[in-house]
Amino acid sequence: MPYPWVNIGDKAAVFEATHGTAPKYAGKDMVNLGSVILSGVMMFEHLGWDEAANMIVKALGKAIQKKTVTYDLERQMKGAKLVKCSEFADEIIKNM
């Protein structure tokens, strides 16, 4: 899973996924949104919203532990259940 990236300055902070926009996957509901979610987690941590950050990280971890994952992880995990990006997001939300 690609890791998020952060640039913190004196007056602003930018949090983003490292993989770019991935236009070839637009509208296909298949990509792993983990890096985008973890970018948000880093923002919450920066803001001091640790409870929200921890809740999201735990929910994401549970989804992966249950092996309910997108195609990039499914092909690397024996016995994993392949789900769409939107279904992976639903699984994360369900785990909160």
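We count from 1, first residue shown onward.
Glycine residues also receive a Cβ, built from the backbone N, Cα and C atoms like all the rest.
Here is what TrEMBL records for this protein:
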type	residues	note
DOMAIN	5-92	domain 'Isopropylmalate dehydrogenase-like'
BINDING	HIS19, GLY20, THR21, ALA22, PRO23, LYS24, TYR25, ASN32, TYR71, ARG75	NADP(+) binding site
Checking the binding-site residues TYR25, TYR71 for other Cβ atoms within 10 Å of each Cβ, the smallest tally belongs to TYR25
By a simple count, how many Cβ atoms lie within 10 Å of the Cβ of PRO23 (NADP(+) binding site), its own Cβ left out? 7
Packing count at HIS19 (NADP(+) binding site) (other Cβ atoms within 10 Å of its Cβ): 16
For THR21 (NADP(+) binding site), just count the other CB atoms lying within 10 A of its CB, please. 8
When pLDDT is averaged across the domain 'Isopropylmalate dehydrogenase-like' (5-92), the result is 93
